[in-house]
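Heads up: the structure comes next, in structure tokens.
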Ligand SMILES: NC(=O)C1=CN([C@@H]2O[C@H](COP(=O)(O)OP(=O)(O)OC[C@H]3O[C@@H](n4cnc5c(N)ncnc54)[C@H](OP(=O)(O)O)[C@@H]3O)[C@@H](O)[C@H]2O)[C@@H](O)CC1
Ligand SMILES: Nc1ncnc2c1ncn2[C@@H]1O[C@H](COP(=O)(O)OP(=O)(O)O)[C@@H](O)[C@H]1O
Ligand SMILES: [K+]
């Protein structure tokens, strides 16, 4: 699914108005209706304090005030005054409301006009929407601070006021909402970690914009959804044999970290590979054979670390390397040898990435289409510190292009950055996965998918989606606090079932 920017979303509004046909004011009414329904279903308040700017976001706020009033609720409207005349639809809604004398309208012209906000009210933020074109200053910034200091919860309409859709809002005055009721589609701002304090829980309000529009525009960003992964997934043929599903090799573990190897191997086995081998330090062999009897074990010559490749890498259809291997000198030599000898693509995670970060020239040895799966700290070690999280997305994509690899920048909204310059955000998964071992599970899954012949782009998109979905099922079964990485593995099967 394409991730549209603010300008494209406005074009989509205009496209709908032109082709449906529907007049702009009716579209605003549809949007306000959807928000009002949500407010009536999900909030219990004595009174709604509705703060409006003079653009269309403010127009939404005025229409919501009227619809709440029509549903028997009490609403007070506060208008952030400026020299602007107001958008056409704002003015239309203002005129309607003006005639409804039951709804008081207060004009905010200076700091003295900022109202006392009762704890028991609900604040509706309709100051600025996708039309924000500069940071808030003056009275607008004071109002935002005033609302953020209030005890009452804030519901933002479309986007918290002051938050830019497509660029960093670091250092700006931005509404901190408990819920955001956003129209039709997610905005990029909601996928970026640094914006977490602002938008709260995001709810999509379907306003029936014409579905034909997104096909007409191009965008570098996409959201991974079930339909996309269903198109990638290839069901297993009934007459298939294990040779059809590749041979995966996991290289993982060191003394005290055999668990990382176990988690990667088990998740690799659970994700469809025909055969799975695992290269671990000699001392880990018994643990592996007991914990993952379906896998074949290649013991290292060293008792406690990975040091040598006593086998040819070529027979393996994909290799995943890194979880728990440490960054010792012999392991570093091993990784260099692997990168020099291996002819197919690799999945590189954890300490494999830390070793590369210490020896950046190794990046040039990566085979095209390899997958790197850094968490944010590993990403910083590899590619330096960025001034904000939007910049991080940009750098991930430019590095994917430069080294012709796929970079999976992990987090709440994992980004799959592709060498063709595009980026795919994953929206499955939950905070219960923020625990040691979750990343090892992802490495095993990606290696398994690559072994089966999925391209690195397909494997990365499908892998992060299924990993998050398995995490969501694990959270339902165990709860976010109690779930552990093994629970994610236990639910990989159920995640696959959603693709049938
Ligand atoms: N039919 C439709 O299209 C639908 C649209 N919908 C709604 O419209 C919203 C977008 O509306 P919008 O484009 O009017 O922009 P909006 O965000 O309300 O205000 C921007 C105005 O504020 C100003 N301004 C900007 N930055 C500023 C700043 N820092 N400090 C001070 N002023 C600033 C700027 O004017 P300027 O001062 O630059 O001349 C501009 O006029 C969208 O989020 C959704 O809620 C829904 O109803 C669905 C149907
Ligand atoms: N809050 C969260 N929401 C969704 N997914 C998360 C969250 N926190 C972590 N994850 C996922 O869990 C995994 C954690 O990986 P990583 O930090 O490498 O763990 P480890 O190295 O301990 O195995 C990543 O795939 C990440 O996307
Ligand atoms: K808003």
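Numbering starts at 1 and runs along the chain as displayed.
For all residues, glycine too, the Cβ spot is worked out from N, Cα and C.
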- Check TrEMBL for me: it has 125, 161 binding K(+), so pick out which one of 56, 57, 70, 225 it puts in that same site. 57
- Note on the structure: Out of 384, 436, 437, 439, TrEMBL lists as part of the AMP site with 410, 411, 412, 413, 414 the residue 439
- Message: Can you check which residue among the binding-site residues 411, 439 has the largest number of Cβ atoms within 10 Å of its own?
- Response: 439
- Of the binding-site residues 56, 57, 59, 125, 161, the one whose Cα sits nearest to the Cα of residue 439 (AMP binding site) is 161
- Task: Can you check which residues sit near residue 130 ((6S)-NADPHX binding site), meaning Cβ under 8 Å from its Cβ, same chain, 6 or more apart in sequence, and list them in order?
- Result: 6, 9, 10, 57, 158, 159, 165, 187
- Message: Helix, strand or coil for residue 125 (K(+) binding site)? Use DSSP.
- Response: strand
- Same-chain, non-site residues whose Cβ lies within 8 A of the 57, 125, 161 Cβ center for K(+) are 51, 53, 58, 61, 126, 127, 128, 129, 156, 157, 158, 159, 160, 162, 175
- Ranked by how many other Cβ atoms lie within 10 Å of their Cβ, the binding-site residues 57, 161 are led by 161
